Amino acid sequence: MKVAVLGAAGGIGQALALLLKTQLPAGSDLSLYDIAPVTPGVAVDLSHIPTDVTIAGFAGMDPTDALVGADVVLISAGVARKPGMDRSDLFNINAGIIKNLAGKCAEVCPNACIGIITNPVNTTVPIAAEVLKQAGVYDKRKLFGITTLDVIRSETFVSALKGISLADVEVPVIGGHSGVTILPLLSQVKGVEFTAEEVVALTARIQNAGTEVVEAKAGGGSATLSMGQAAARFGLSLVRALQGEKGIVECTYVDGGSEHATFFAQPVLLGKNGVEEVLAYGELSEFETNARDAMLEELKANITLGEEFVAG
C-alpha cells in the first residue's frame with residue numbers, strides 16, 4: 001500500500017506525515033511531496049523513526065515521482081488561513097494548485113483514491129472532480145473531501161461539555177466543510193440530551209472552530225496539528241478498508257447522489273474500491289432540518305464555483 005502526501009512540508013503535511021509514519025500498516029510506502037526544498041529532509045527526519053514504513057521525499061515543481069504507484073493520495077498543498085480570512089479567501093490561490101495536482105494524479109495514478117484537505121474543500125473537491133472527468137478517469141467512489149476535523153472537534157466539544165468519555169461519543173457531521181455548511185447532528189449523539197441553547201452554542205462553536213484556532217495563533221498559522229490528526233484518521237481508515245477490513249464508516253464530502261447537492265458530506269461505508277455505500281444520515285431534529293435547508297444555497301454556490309473554474 002503506497003500513500004502519497006502532497007503538500008508534505010506544510011504544517012498539516014508534516015503532522016500528517018508523522019502520524020502516517022508511525023501508524024500505517026507494516027510494509028506500507030509513504031511518499032512525501034512539496035515544492036519546498038526542505039521536503040526530502042522531512043522524509044530523512046521521519047526515516048529515523050523505527051517503524052516498518054518506507055519513506056521517500058520529493059521537492060520541486062513536478063510531483064510525478066511521488067505519485068508513481070500510489071494507492072492513496074492525500075492533498076494538503078496550498079496556503080493557510082490568516083486572521084480576517086475565511087476559507088473562501090483561499091480560493092484564488094488554492095484552486096489553481098488543486099487543478100494542477102489533480103491533473104497530475106489523473107496522469108500518473110488514475111486509479112488512486114484522492115483525499116482533499118486543501119480549503120475551501122466545498123470547492124476544491126468539485127475542481128478535482130472536473131479535472132478527473134476531463135481526463136476520462138473520474139471514479140466518484142475514489143474522491144473525498146476530508147471533513148474529519150469537524151467530526152473530531154464535535155466529539156471533543158461534546159465530551160467536554162457533558163463530561164462523558166470520548167470513547168462513548170460519536171457525532172455525525174453532514175453538509176460541507178466551512179461555516180454554516182458544517183452541520184453536526186447533535187440529536188443523534190447516544191445517551192446525551194442537549195438543551196436548545198446548548199445545541200445553538202455548540203453548533204456555532206463547531207462551525208467557527210477553525211477561526212478560534214486562527215485567532216489564538218495570532219497570525220502564526222491555522223489548525224495544522226488537529227487537521228493532521230483528522231486527515232490521518234481518515235487516511236488510515238481508507239487504507240484499512242482498501243486492504244479489506246469491513247465495516248469502516250467515516251463522514252466525508254463526496255459525489256454520492258445526495259438529493260441536496262452534487263457533493264455532500266455524510267457517513268460513508270468504505271471498501272476495497274473507496275466508497276462502498278453512501279449511508280443515510282437518519283432523522284434530523286427541527287433545528288438540524290432548518291440548518292440543512294438554509295445551508296444549501298451556499299453549498300451549491302461553492303460547488304458551482306469549482307465547476308466553473310475548471311470550465312474556464
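Here, residue 1 is simply the first one shown, and the rest follow in order.
Backbone N, Cα and C atoms are what each Cβ position is placed from, and that goes for glycine too.
Per Swiss-Prot, NAD(+) is bound by Gly7, Ala8, Ala9, Gly10, Gly11, Ile12, Gly13, Asn94, Ile117, Thr118, Asn119, Met227; the candidate from Asp29, Asp34, Asp71, Asp139 named for the same site is Asp34. Of Gly7, Gly13, Asn94, Asn119, Arg153, all annotated as binding-site residues, the residue with the shortest Cα distance to His177 (active site, proton acceptor) is Asn119.
Checking Cα-Cα distances from Asn94 (NAD(+) binding site) against the binding-site residues (Arg81, Asn119, Arg153) with a 10 Å cut-off leaves Asn119, in sequence order. Here the Cα atom of Thr118 (NAD(+) binding site) is found 18 Å from that of Arg153 (substrate binding site). Taking Cα separation as the measure, Arg153 (substrate binding site) is nearest to Met227 of the binding-site residues Ala9, Gly11, Met227. For the pair Gly11 (NAD(+) binding site) and Arg81 (substrate binding site), the Cα-Cα distance reads 12 Å.
All protein chains shown were included, and the count of other CB atoms within 10 Å of the CB of Ala9 (NAD(+) binding site) stands at 24.
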